[in-house]
Amino acid sequence: MIRLPLFDSARRHAAIAAVLLILALALGGGGSPSPDSELAIELLAGVAALAWLWQRGAIRVPTDGKLWLVAAAVVLLPLIQLIPLPPSIWHALPGRATEVAALRLVGAENSWQPLTTSLPRTLASLLAVMPPVILLLMTGALRPSERRWLVAATVAMVLLSALIGAMQLGGGESGPRFYDQSPPSLVLGFQANRNSTADVMLIGLLALAAFWAGRDRTPKRPPSLAANAGLAGAAAALIALACILTSSRAGLLLLLPTLAAAWALVADTEQRPWQRFLPAIAAAGFVMAIGALLLGHNPAIERVAARFSMTDPPRELLWDRTVYAIGQYWPVGSGMGTFVPSYLAFEPLEDLDPSVPNRAHNDFLELTLEAGVLGLALLALTAALVGWMAYRAWRDRPEDRGQVGFGFAALGIIALHSLADYPMRSISLASLAAVAAGMLAAPPRPRREQDHVKA
C-alpha cells in the first residue's frame with residue numbers, strides 16, 4: 001500500500017492530485033504528435049488513481065453529482081464510438097462508402113465495425129482523456145483547503161515554465177526544447193507550441209491571484225505582508241511577460257481580460273485600502289519596465305508585433321474545408337481523433353500541398369466533425385452543468401471565491417481560445433481545465449459536519 005507518512009490522510013490525497021497535475025503539465029504538452037509522452041502521463045495517471053484508492057480510510061470521491069455527469073459525458077463519447085455495429089447499420093452511416101468498398105476487396109465488407117472510422121485513433125483519444133478525468137474527480141473530492149495545493153502546483157509549474165522559456169528564448173537553436181516539432185527562439189516552456197504556452201501563462205496568472213486571495217489572513221507583521229505582495233506582483237509581471245514572448249496573438253488578445261479577472265479575484269477577497277496593493281503594483285511595474293528596456297529592440301518582440309499585421313487565409317480555408325467535411329459525416333461524425341484522415345479524404349485537389357493539417361484550429365468545428373450531433377449535445381450538457389456549478393459555488397461559498405473565480409475564468413480562456421485553436425487537444429491544458437471545473441464542484445463536507453447531519 002502506498003503511504004506518504006509525513007502527511008495526514010487529507011494531505012496525502014491533496015499531494016497525489018498535485019503531483020499528477022505537475023506531471024500532466026510537464027509531460028502532456030506535446031499533443032498527438034508526441035505519443036510517447038502522452039502514453040507516459042496516461043500510465044502515471046493510472047498509478048496516481050491507484051495510489052488515491054489505496055489510501056487508508058474511506059475512499060475519497062466527489063459528492064457533487066453534477067461533476068460525475070461531466071466526467072461521464074467526456075468518457076461516454078469515445079466509448080460509444082468504439083461499440084461494434086452490424087453491417088446493416090454501419091454501411092448506412094454517412095461517409096463510409098469508401099470503407100465499404102475497401103473492405104469488399106478483401107471480402108470483409110460484412111464484418112462488424114465501430115461507429116468511428118478509425119478504431120485506433122478513437123481509442124487513443126479515449127486514453128488521452130483519462131488523466132484529465134481522473135484530475136477532475138480528484139479535485140472534486142478535495143476540500144477547499146486541499147484544493148489550494150492544486151492552485152499552488154499550477155503557480156509553481158507556470159513560473160518554472162516561464163524560467164525555462166527564458167532559456168529557450170536566449171538559447172536560440174541550442175535552447176532547451178522538449179518536442180522536435182517546437183520552433184526555436186520562442187518562449188514555450190513545457191509545451192510544444194506558442195498558443196498552448198500562452199494559455200498556460202494566462203491560467204497561471206489566474207492561479208496566482210487565486211492563491212493570493214486564499215492565503216491565511218491571520219494578522220502578521222506588516223513588512224511580511226508587503227514583501228509577499230511585492231513578490232506576487234513580480235511573479236505576475238514575469239508570467240505576463242512570458243505570455244507576450246510566446247508571440248501568440250490569441251494570448252496577447254486575452255492578456256488584458258485575464259489581468260482584469262485576476263485583479264477582480266484579489267480585490268473581491270480584500271478588505272484593505274488600495275494603497276496596500278502598492279508593493280505588488282510597484283514590483284510588477286518594475287519588472288515590466290526592466291523587461292521593456294532589455295527587450296525594446298529584441299527580435300522576439302518585433303516578431304510579436306509583426307504577427308498582428310499578418311492575415312491568416314490558410315486558417316480560413318481550413319475552416320471552410322472542415323465545414324464541408326462535417327457535411328459528409330453529419331450527423332454521426334467520423335470518430336474522435338480522426339480529423340486528419342477525415343479532412344484529407346475530402347480535400348480538393350487544388351488545395352493539396354506537402355503540409356498536412358493536424359487540427360482544424362477551431363475545437364468546436366473539429367468536435368462537430370468527429371462527434372456530430374451527439375458531441376454537440378454532450379458539449380451543451382457539460383457547459384450547462386459547469387455553469388450551474390459556477391453559479392451555485394459563487395452564491396453559496398463566498399469564502400472560496402478565489403478558487404471559484406479561478407475555475408470559471410480559466411474555463412472561459414480555454415473556451416475563447418478554442419474558437420481559433422485547439423487547447424483541449426493538449427493533455428496539459430485539458431488537465432488544467434479539469435482542475436478548473438473541479439474547483440466549481442461543491443466540496444465534501446467535513447467529517448464532523450457529516451456525523452452531525454446523520455445524528
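Keep in mind that glycine also has a Cβ here, set from the backbone N, Cα and C atoms.
Listed in TrEMBL:
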- 234-379: domain 'O-antigen ligase-related' (DOMAIN)
- 39-55: transmembrane segment (TRANSMEM)
- 67-85: transmembrane segment (TRANSMEM)
- 122-142: transmembrane segment (TRANSMEM)
- 149-169: transmembrane segment (TRANSMEM)
- 196-213: transmembrane segment (TRANSMEM)
- 225-244: transmembrane segment (TRANSMEM)
- 250-266: transmembrane segment (TRANSMEM)
- 278-296: transmembrane segment (TRANSMEM)
- 371-391: transmembrane segment (TRANSMEM)
- 403-420: transmembrane segment (TRANSMEM)
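Counted over residue pairs 6 or more apart, the CB atoms of the transmembrane segment (225-244) and the transmembrane segment (39-55) come under 8 Å in fewer than three pairs, which marks the two as apart. Sequence-distant neighbours of the transmembrane segment (149-169) (same chain, 6+ residues past either end, Cβ-Cβ under 8 Å): 11, 14-15, 17-19, 21-22, 25-26, 139, 142, 175-177, 184-191, 197, 200-201, 203-204, 207-208, 210-211, 214, 235, 238-239, 241-242, 245-246, 300, 403, 406, 432, 435, 439.
The highest tally of CB pairs under 8 A with the transmembrane segment (371-391), across 39-55, 67-85, 122-142, 403-420, is held by 67-85. Restricting the average to the domain 'O-antigen ligase-related' (234-379) gives a pLDDT of 77.
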